[in-house]
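Listed in TrEMBL for this protein:
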DOMAIN    503-553  domain 'Cationic amino acid transporter C-terminal'
TRANSMEM  54-74  transmembrane segment
TRANSMEM  86-106  transmembrane segment
TRANSMEM  181-198  transmembrane segment
TRANSMEM  205-227  transmembrane segment
TRANSMEM  247-266  transmembrane segment
TRANSMEM  286-306  transmembrane segment
TRANSMEM  344-365  transmembrane segment
TRANSMEM  386-404  transmembrane segment
TRANSMEM  443-462  transmembrane segment
TRANSMEM  474-494  transmembrane segment
TRANSMEM  506-524  transmembrane segment
TRANSMEM  530-548  transmembrane segment
Amino acid sequence: MEENHGSSFSSFRAYGKALVEIPKRLGPRAGSVTTTFEEMSRVRARSGSDMHKSLRWFDLVGGMVGAGVFVTTGRASRLYAGPAVILSYAIAGLCALLSAFCYTEFAVDMPVAGGAFSYLRITFGEFAAFLTGANLVMEYVFSNAAVARSFTAYLGTAFGVSATEKWRITVSGLPEGFNQLDFIAVAVILIISLCICHSTRESSVLNMVLTSMHILFIAFIIVIGFLKGDSKNFTEPSDPNKNASGFFPYGLSGVFNGAAMVYLSYIGYDAVSTMAEEVRNPIKDIPIGVSGSVVLVTILYCLMAASMSKLVPYDAIDTEAPFSSAFKGGSDGWGWVSNAVGGGASFGILTSLMVSMLGQARYLCVIGRSNVVPSWFAKVHPKTSTPVNASAFLGLLTAAIGLFTDLNVLLNLVSIGTLFVFYMVANAVIYRRYVSIGTTNPWPTLSFLLSFSFTSIFFTLIWQFAPQGKPKTFILGTCTVILVIILQVFYFFVPQTRKPEFWGVPLMPWIPSISIFLNVFLLGSLDRPSYIRFGCFSVVVVLVYILYSVHASFDAEGDGYFNQKYKEIQRQPDNTEDA
């Protein structure tokens with residue numbers, strides 16, 4: 001399995017020749033797909049040593065009960081939804097559950113560490129997978145940096161100090177949003193990076209201990225919040241003269257804006273899917289660990305949001321450490337609760353960071369296996385059976401960003417990348433059920449996916465920008481009818497070509513189609529700066545692919561690395577997809 005990476009990058013002349021041949025190389029490589037068999041055998045072998053199959057379903061459930069709820073709830077309630085943030089969590093939970101079904105079908109059929117990157121690579125090809133994988137790595141790095149900075153805020157409340165004033169260093173020469181250095185966040189990220197480099201199983205044991213403490217702590221918050229809180233806070237702000245009253249102070253649109261923001265709390269199942277390669281019994285453990293845990297955390301998150309909303313008026317919520325600050329200034333005998341909440345949230349944040357950083361390293365490892373980034377990232381250490389190179393690199397990158405980037409800047413970047421990736425996976429699971437590459441005409445399925453997405457986008461634009469009135473209601477109703485008709489026509493006239501052997505998304509194609517619509521709708525709830533940042537990042541990703549990835553991938557194919565095995569697989573019956 002020798003590789004010759006030097007052909008396009010061995011000299012300036014060789015690279016110049018490669019750039020001239022971009023038009024000839026781009027098409028074949030961008031649309032090239034792999035198979036399930038290929039991803040699970042030849043591609044996985046590029047890491048050298050195998051990852052140990054040591055995880056069970058309860059190890060996966062621990063990954064879902066993360067810290068996003070401690071990071072996003074305060075900001076979503078105060079700026080977007082008010083007390084109706086409870087409904088925001090319910091909507092985000094429904095969207096997450098539908099997406100989790102799509103993830104589960106792929107993960108059971110193809111238990112590899114690549115997650116959405118591998119799912120897109122076997123359906124839509126290398127470029128779609130690379131764009132998705134890059135967004136996933138970006139999402140993990142920024143969300144982990146945000147969570148680590150939130151750790152500092154909650155740890156400060158545990159000791160009764162303001163982290164912003166005492167534990168962060170303000171540098172006046174830096175722009176606002178990037179001028180508070182957080183060395184505690186850096187230390188936490190680096191320590192966790194060392195843990196996950198050492199052993200997945202031992203990291204999982206530590207994670208289970210932290211998760212057990214975390215769930216007990218969540219129950220504590222819910223009980224104390226309902227006992228101590230005042231129901232009038234569901235409808236009355238602290239300053240009625242400046243802020244709107246009622247359960248929906250920002251209207252129904254605010255609820256959906258809040259749902260897009262709190263979706264960060266649910267991305268744990270994506271990280272869980274990347275650990276499928278290390279699961280002992282994927283057929284049993286993955287459906288319980290991925291889909292089952294979404295239901296559990298949705299209930300917990302809705303109760304936590306209700307507890308916080310009952311404790312404090314929405315316009316008085318602290319956006320950085322909402323749960324611990326909600327207990328400050330309370331009646332006598334309750335002051336200790338704020339410190340306890342700060343300490344408990346810190347444990348929850350460590351749990352979330354542990355799983356997310358495990359997930360981000362495995363994504364980069366599998367992207368490295370595909371040769372679109374340096375294969376150095378793909379190496380699995382023979383002694384620890386972990387992707388040490390990818391873990392160390394992303395740990396350092398996350399620490400650098402967490403050092404100086406403000407929470408608000410990070411959260412805007414994370415939400416749009418998350419929703420985009422889940423939208424792509426929902427499309428992929430439909431495409432794979434209805435299209436068998438080489439034997440099935442893909443255009444009926446592609447036409448359905450494109451028309452359904454465009455109609456969903458049009459619905460979302462009308463919802464966001466059209467003035468209230470009967471014309472808006474009529475157009476939205478018409479769009480809904482068109483969506484149902486498109487779905488029904490596809491259901492009756494296009495047959496499925498593949499039936500999952502072990503576990504499949506129920507009610508195909510309804511559930512993934514609803515997931516597509518909800519992801520598009522929540523994307524429409526995000527602000528313009530989020531799209532500008534996303535667009536800039538996507539341009540950079542495309543440039544990296546054109547200037548590096550397509551040539552590295554082309555070189556590997558030219559060595560026969562892709563061709564030899566791929567030609568053998570193409571001659572095999574289609575059922576080898578599920579081998």
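Here the Cβ of each residue, glycine as well, is placed from N, Cα and C on the backbone.
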Does the transmembrane segment (386-404) reach the transmembrane segment (344-365), going by 3 or more CB pairs under 8 Å (6 or more apart in sequence)?
yes
Does the structure show the transmembrane segment (205-227) and the transmembrane segment (506-524) touching, where I'm treating 3 or more Cβ pairs under 8 angstroms (sequence separation 6 or more) as a contact?
no
Cβ pairs under 8 Å between the transmembrane segment (247-266) and the transmembrane segment (86-106), at least three
yes
If one takes Cβ-Cβ under 8 Å and requires six or more residues beyond its ends, the residues near the transmembrane segment (530-548) are 19, 22, 26, 30, 127, 130-131, 134-135, 138, 372, 412-413, 415-417, 420
Residues in the domain 'Cationic amino acid transporter C-terminal' (503-553) grouped by DSSP into helix, strand and remaining coil:
40 helix, 0 strand, 11 coil
Is the transmembrane segment (506-524) packed against any residues at least 6 beyond its ends, judged by a Cβ distance under 8 Å, and which are they?
91-92, 94-95, 98-99, 101-102, 256, 259-260, 263, 416, 419-420, 422-423, 426-427, 429-430, 433-434, 449, 452-453, 456-457, 459-461, 463-464, 483, 487, 490-491, 496
